[in-house]
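First comes the structure, then the notes that go with it.
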């Protein structure tokens, strides 16, 4: 099994190009079921993308892959969908597999999807996915670990209020609603840029969607959608991760290929800590200027601070001058990186969904183990900050969400290699 060897203590200097957004490309790939052909560009080279390709192929899709140096192009032909079951062996690898449920059900009137897997960071139940599809007229039962869904005729437009903001359920609802009979109005929706990107792709395919980027989305169902081409937006979570990497190594890095407005909340939080962050053409520049203040943080649905960046921010706060309180409001059990950071000398105490982080002068290298995707990269940031050697085990999590991570960091001066 591979591991990463990190010799820290080197300030990152240079530029990093941001890849396509994992959390946008996966639902867009699922949306290909709604039409006959979808051409997607700026696709990141990630194992989760490979898992979604395998899933779509299992349903009968034909996928042409055009490989470029920094991205894939995918041409997905879904004219011959002939299997409506998403098997456990594929779905267990990735929670995003549940996003084929809405498209299969709304287009073909039936779907059988295994209850999903993915990162071990809490229950993340599918209740809201099921509730909104039932509101559209679907019959759904959970049997033997599978969601069995069917409808008599087309799904019907509905008004539905999500009990809590759910990115995943918002996506499945939108994917189903675009082919319903009538109008659907969704309240308390997720507002994430990746949801906006999915909606923009669906509009390119001929969908009628209003209220994009707000908590109230109105969708007028169509009889069918068109073939289309679409470029996926850049990954704000990857961008934020490298912004924190520049800060924790006392570096100076240009993050390129990202719109500033979708990372502005990250930039503002960094500025609070004393890090210099300025917009540049097609990106943002992050510069350490000699101080790192303790700052409290709460994760919240967008435009709040992303839960997917909480672990990385915590790594930064372990070296701050003071005490910070980090509150995780999205997922339970998302502090699994804390014991590993403490092995490196961090002073962190967890109380429920809150972590009290007391800054220390320096972390020390250690052998550590990744528990999930975002936790693994937080340990890399911690390792980069030390003046010693860190060995990170179970790095397969990284390849689910970060393209060419070692290469991008090495090009900015990091001493990091996979063995």
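Positions of Cβ are set from backbone N, Cα and C atoms, glycine also.
Model, not experiment: these values are computed from the prediction.
Pulled from Swiss-Prot:
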type: ACT_SITE; residues: 119; note: active site, proton donor
type: BINDING; residues: 22, 23; note: phosphoenolpyruvate binding site
type: BINDING; residues: 95, 164, 165, 166, 167, 308, 330; note: UDP-N-acetyl-alpha-D-glucosamine binding site
type: MOD_RES; residues: 119; note: 2-(S-cysteinyl)pyruvic acid O-phosphothioketal
Distance, residue 166 (UDP-N-acetyl-alpha-D-glucosamine binding site) to residue 22 (phosphoenolpyruvate binding site) (CA atoms, angstrom): 17
Listed binding-site residues 164, 308, 330, filtered to Cα within 10 Å of residue 23 (phosphoenolpyruvate binding site): none
Among 22, 95, 164, which are binding-site residues, the residue with the most C-beta atoms within 10 angstroms of its C-beta: 22
Site with most surrounding Cβ atoms, counting all protein chains shown within 10 Å, from the binding-site residues 165, 167, 330: 330
Spatial neighbours, same chain, of residue 308 (UDP-N-acetyl-alpha-D-glucosamine binding site) - Cβ under 8 Å, 6+ residues apart: 23, 237, 374
Maximum Cα-Cα separation (Å), residues 95, 164, 165, 166, 167, 308, 330 listed as binding UDP-N-acetyl-alpha-D-glucosamine: 19
Local backbone state of residue 166 (UDP-N-acetyl-alpha-D-glucosamine binding site), from DSSP in three classes: coil
For residue 330 (UDP-N-acetyl-alpha-D-glucosamine binding site): DSSP state (helix, strand, coil): coil
Residue 166 (UDP-N-acetyl-alpha-D-glucosamine binding site) CB neighbourhood, other CB atoms within 10 A: 23
